Amino acid sequence: MALRNESRKGRRVAIVSLFSKKQRTAAEIVAAARDEQKISGQELLDEIFPDFMEMHGDRLNDDDPSIVGGLAHFAGRPVTVLVIDKGTSAKDRIAKHFGSPAPAAYRKSLRLVKQAEKFSRPVLAFVNTAGAYPAASAEEQGQGEAIAHNLLEIADVKVPFLTVIYGEGGSGGALALACGDEIWMSENSMYSVLSPEGFASILWKDASKSDEAAEVMQLTPEALDKAGVIEGIIPEPNTHKRFCKNIIQVLRPELEKLEKLSSDELVAQRKARFRKF
Amino acid sequence: MQLFDELKTLGQKHVKADKQAQQNVPSGVWLACPKCKQSVYHKDLGIYSTCPNCSYGFRISSRQRVDWLTDSFTEMGQDLQTADPLDFPDYAKKIDKAQQATDLNDSVLTGVAKIGEQEFLLGVMDPKFIMGSMGTVTGEKITRLFEYATKHNKAVVLFTASGGARMQEGIYSLMQMAKVSQAVREHSKAGLFYLSVITDPTTGGVTASFAMQGDIILSEPHALIGFAGKRVIEQTMHQKIPENLQDADNIMKHGFVDAIVKREEQKDTIAWLLEMNQGKAGE
Ligand SMILES: [Zn+2]
């Protein structure tokens, strides 16, 4: 049995970063992932999906805006888009719990995924969250159940499901939208089982050791790419427009590749992708 | 005004929520029930280790549970060992200690079980193995449990108890949630029955995956069931949360548990549910 991951063979992106950066520490990447200047979910939608139409509601009794979901065209075909958004204005940020989805958000996104499957639309998800919303209300509304059902249903959804982590990929709250066929990370992003602060405070009883924790945790795009947790890294130049161009340039051929597979092949490949861990 | 101190505290959600429930069954002669706070004479806990006052099930080892729950049990996957994927300082030592304390290779005991003539696959998480946290071996054992059950047309009964994903194995622990979910899905698609039984405490990544994926979800009385830890919610939201927020009673009231079943009734109840939900396995 090999629980340790084999390194992946030749699946790196061919795009070269426009601004080659010096080797950064994990803590610097964490800071960049959380940067206030980070592209917002709304900007991503505007740039990549100009005809996006938002669809609201979980059809149970709620609509949580921290995941924005809807329909758009991408490279000529209809797709379903899901974006975890931290918000921009103060009011917006509070409504979106600073990008921490409540259960209703995961139920809405799952509803839209099932709809995408019905109409053979691929799903493109964009993740930037410190984690699922940690509130008493979220507990009573079944945060665990909501995430669990995303994992269960997306396991064999019959359309391509691609995810881009473009800031923070915080734990189960991120995984709920990152359990499909391919996961890409932007250069300034992180993906981890919990925050470096939480990690340091639990394991070393000292939250101030978060920089050290970040190094140990292997949460950088490079480390995760090497481990085969993600498909590759999307260069993140200093303008949001260029960044969005890079996203399009990566997702387009990947989507075409996945669309050539039968739904059985697609699901089998997705299963194998996670089975190796 | 700080409404939401996300960066500082959010990620601690996998921390175990209530420290006082940690105490092991009888070290002294009298002990306080962590749920109803009554003093209990240790012999009154009986073979099931439950509070005579409120029926709370004290945290017990997997092997102890298997003893009174099953008529026969054949263990699987006991040879698996973690590869320590982060090369985490002192982790190997911690694993070693937990293995010695629990007589398990990791935080779940899995195997083929029988109650009467009914054969099924049984998994029992052990709250005493690094807080029942889910590492790569935990996930692998549970995945194989479901795969074996799918292959042999059998039901799965899984007792959960977990502080969540195991931090020392980083992102690889998180990946177990997706891996196990895939196996649960395959098993379910084959028309087979999955019974999840939640015990104290079940939190984090385990709640957010297989604990909540059963066809039927039972809980033990007063088990703590949650996603985020109580302390994380309080620190992040700057609000006190009610004592019973994550108590099985409250979770059932909100619709996430089918029934609360006392330990002394579990063997009969499970046998009955296995019979009721035979489906394709009975053909
Ligand atoms: Zn009691």
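Yeah, the Cβs are placed from backbone N, Cα and C, and that goes for glycine too.
Annotated features, as they stand in TrEMBL:
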type    : residues                           : note
DOMAIN  : B:29-283                           : domain 'CoA carboxyltransferase N-terminal'
BINDING : B:CYS33, B:CYS36, B:CYS51, B:CYS54 : Zn(2+) binding site
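Annotated features, which come from TrEMBL, shown on the structure.
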residue: B:CYS33; record: Zn(2+) binding site; Cβ within 10 Å: 20
residue: B:CYS36; record: Zn(2+) binding site; Cβ within 10 Å: 13
residue: B:CYS51; record: Zn(2+) binding site; Cβ within 10 Å: 22
residue: B:CYS54; record: Zn(2+) binding site; Cβ within 10 Å: 14
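The average pLDDT computed over the domain 'CoA carboxyltransferase N-terminal' (B:29-283) stands at 96.
Report note: the Zn(2+) site is defined by B:CYS33, B:CYS36, B:CYS51, B:CYS54, and the residues of the same chain whose CB lies within 8 Å of the CB centroid of those residues, excluding them, are B:PRO34, B:LYS35, B:LYS37, B:GLN38, B:VAL40, B:PRO52, B:ASN53, B:SER55, B:TYR56, B:HIS222. B:CYS33 (Zn(2+) binding site) falls outside any helix or strand according to DSSP and counts as coil.
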